[in-house]
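According to Swiss-Prot, the features are:
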- Arg21, Arg126, Arg127, Arg166, Ser167, Ala168, Asp169, Asn177, His207, Leu208, Tyr209: dUMP binding site (BINDING)
- His51, Asp169, Ala263: (6R)-5,10-methylene-5,6,7,8-tetrahydrofolate binding site (BINDING)
- Cys146: active site, nucleophile (ACT_SITE)
Amino acid sequence: MRQYHNLMKEVLAKGVQKSDRTGTGTISVFGHQMRFNLADGFPMVTTKKLHMKSIVYELLWFLKGSTDNNWLKERGVSIWNEWAAPDGDLGPIYGYQWRSWPAPNGQHIDQISEVVETIKKNPDSRRIIVSAWNVADIPRMALAPCHAFFQFYVADGKLSCQLYQRSADIFLGVPFNIASYALLTHMVAQQCNLEVGDFIWTGGDCHLYSNHLEQVDLQLSRDFLPLPKLNILRKPDSLFDYEFEDFEIVGYESHPHIKAPVAI
């Protein structure tokens, strides 16, 4: 994933030092885009090991509409532990906004279901969009949405997806987010009888935390390995019926994991 390495290099070369909410400090650039042709392989970084189990379970959790961290903990996924309340509640974060966006009439909007139906019935629509950025609900969220807005696009029988990530923790978060939305694109494409096209990642505040710079240097020193392939082993009745066991990553070889602190 040369595109990802190029982003880290750009931030190191051109970034400005900024303070941040966590008090850690960052080097940051504003505005960057990466494009991945999903037919070329599944975009998992190979210059450090990614925890695919967490990626899959978190996406399934979002699609369930859940905001209860206990569901993840029961499956051995700890990525939301630092932000969860003692009872596991995370407030109206991604899953709630995706599946139950509150409407003025007191009802709720299932954005994901609407997107799938629009792709099937009106694939040329320019409104195939899901937003997690609900301004009214942000004060009640454990963490404001970083990957805030995504749009699907259909052309030549292929489904593409573009994500806007307003805040991008390049070393820890971005590889995870790329793999998650690439997986979602594969799933939606299967449900809509389409092939996969491109995944486009667009970042706003793209930053490296000051306590990740040694890890970044180590990762940039490593050689790329071939991208793996994603196999989806069955086609469920709906997008909401996938199970963890339905996904197989074939041929994923990577350099060792690089540990880095999470900025909270």
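Going from the start of the chain as shown, residues are counted 1 onward.
Cβ from N, Cα, C; glycine included.
Here is what falls inside 10 Å of the CA of Ala263 ((6R)-5,10-methylene-5,6,7,8-tetrahydrofolate binding site) among the binding-site residues Arg127, Asp169, Tyr209: Asp169, Tyr209.
Rounded to a whole number, the C-alpha distance linking Ser167 (dUMP binding site) with Cys146 (active site, nucleophile) is 5 angstrom. The binding-site residues listed here are Arg21, His51, Arg127, His207; among them, His207 has the most other Cβ atoms within 10 Å of its own Cβ.
Cα to Cα, the residue listed as 'active site, nucleophile' and His51 ((6R)-5,10-methylene-5,6,7,8-tetrahydrofolate binding site) are separated by 19 Å. Reduced to three states, the DSSP call for Asp169 (dUMP binding site) is strand. Within the same chain, residues at least 6 positions away in sequence whose Cβ sits under 8 Å from that of Asp169 (dUMP binding site) are Cys146, His207, Tyr209, Ala263.
Arg127 (dUMP binding site) sits 33 Å from His51 ((6R)-5,10-methylene-5,6,7,8-tetrahydrofolate binding site), taking the CA atoms of both as reference points. His51 ((6R)-5,10-methylene-5,6,7,8-tetrahydrofolate binding site) sits 26 Å from Arg21 (dUMP binding site), taking the Cα positions as reference.
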